[in-house]
Amino acid sequence: MGINEIIMYIMMFFMLIAAVDRILSQFGGSARFLGKFGKSIEGSGGQFEEGFMAMGALGLAMVGMTALAPVLAHVLGPVIIPVYEMLGANPSMFAGTLLACDMGGFFLAKELAGGDVAAWLYSGLILGSMMGPTIVFSIPVALGIIEPSDRRYLALGVLAGIVTIPIGCIAGGLIAMYSGVQINGQPVEFTFALILMNMIPVLIVAVLVALGLKFIPEKMINGFQIFAKFLVALITIGLAAAVVKFLLGWELIPGLDPIFMAPGDKPGEVMRAIEVIGSISCVLLGAYPMVLLLTRWFEKPLMNVGKLLNVNNIAAAGMVATLANNIPMFGMMKQMDTRGKVINCAFAVSAAFALGDHLGFAAANMNAMIFPMIVGKLIGGVTAIGVAMMLVPKDDAAQVKTEAEAQS
């Protein structure tokens, strides 16, 4: 049994615990029947529900872009392919740079990869779980949640996170290379050359974004917001056209991928958008309760990590929450100390969703890549913390020290 299978077994263990809690909550709660252990698992049933309810949000984000992937590849290919080939990189890296793996990046990467499976997975699941989500999701969502006064800390954190994405990608690529990733029994050939050469365009984009966040942070952040709105519009067009094609047979946009199984598809080998979403939700039934219960059971060690980083308890809790979903973390930012705000935003760039949506997506689409993706995301997140600690404004150092002393 490999590490990817072990991770799946662990999540299913937590899924069963959460299912028991949901059942017992109908009859007075888990504590009533299971005593001390029951009390320790109470609330996991609610996370069980959250995991399944995520299906709707996932569908809105994924279905339209998944259907549009071959169309976008056809339109963008003549421009993207020559540029990336000139840099010595596979064109699929474009997809993971701008799109999250679960917002079309994985499927667009496949269309642009030209048959190079390793490059497709490197972009679609490793890069597409770090840089893409930051640009199309995390920054726009954060701006709608955080206080305006915290935007400077968001910019500093994202800057720290962006520059360490290549480190996370290389780490994930090396794990994939040495773990012997296979698809349908066939080995996927990750090489040093592929891992390093495909980082060239990513490094260029990372440096440009970092410079923009350093010198024109407000304009850069507003630019991300505009891009995200454009993307939502594009996804909506794709979703509407795909539904019309499925229900009425009208092909409003030629070349759309089916969103349900089509004639010729082999069950178990080909999964269309709607089935992928269902598979992800099944994984989230265990992933969300797992994060809740691990946070509860290991609260003291996690708080000690916060003390080690010299941040308050809210900031430490935010980092743990980020591993499942960064939205709660952004909601907690106003209660964090300055250092905690920058560190949390930096950590979230790569590490967000590592034990949530991205884990579910990898498990549903390519479970051989679960471990490489998680390792890459965590290494990217941890190294981002190191950079963020150097970027905390010096004029806030006294405030950080005072806030830390107030907790002790």
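Here the Cβ of each residue, glycine as well, is placed from N, Cα and C on the backbone.
Residues annotated as transmembrane segment in Swiss-Prot, with sequence analysis given as evidence: 1-21 (among others).
Residues 91, 94, 99-100, 102-104, 107-108, 110-112, 114, 234-242, 253-259, 272-274, 276-277 of the same chain, all 6+ positions outside the transmembrane segment (61-81), place their C-beta atoms under 8 angstroms from a C-beta of that stretch. Per Swiss-Prot, transmembrane segment is recorded for 61-81 (among others).
Per Swiss-Prot, the feature transmembrane segment maps to 89-109 (among others).
The transmembrane segment annotation in Swiss-Prot covers 126-146 (among others).
For 155-175 (among others), the entry in Swiss-Prot reads transmembrane segment.
The feature transmembrane segment is assigned by Swiss-Prot to 192-212 (among others), with sequence analysis given as support.
Look at Swiss-Prot and you will find 230-250 (among others) tagged as transmembrane segment.
Per Swiss-Prot, the feature transmembrane segment maps to 274-294 (among others); the stated evidence is sequence analysis.
Sequence-distant contacts of the transmembrane segment (313-333), counting only residues of its own chain at least 6 positions beyond either end whose CB sits under 8 Å from a CB of the stretch, comprise 138, 141-142, 145-147, 150, 153, 287-288, 291, 295, 302-303, 305-307, 339-341, 343-345, 347-348, 351-357, 407. Annotation comment: Swiss-Prot describes 313-333 (among others) as transmembrane segment, evidence class sequence analysis.
Annotation comment: Swiss-Prot describes 342-362 (among others) as transmembrane segment.
The transmembrane segment feature in Swiss-Prot is assigned to 369-389 (among others); the stated evidence is sequence analysis.
Relative to the transmembrane segment (89-109), the listed stretch 126-146 leads the set 126-146, 155-175, 192-212 in CB pairs under 8 A. Counting Cβ pairs closer than 8 Å to the transmembrane segment (342-362), the top stretch among 126-146, 192-212, 230-250 is 126-146. For the transmembrane segment (126-146), the partner stretch with the most Cβ pairs below 8 Å, chosen from 192-212, 230-250, 274-294, 369-389, is 369-389.
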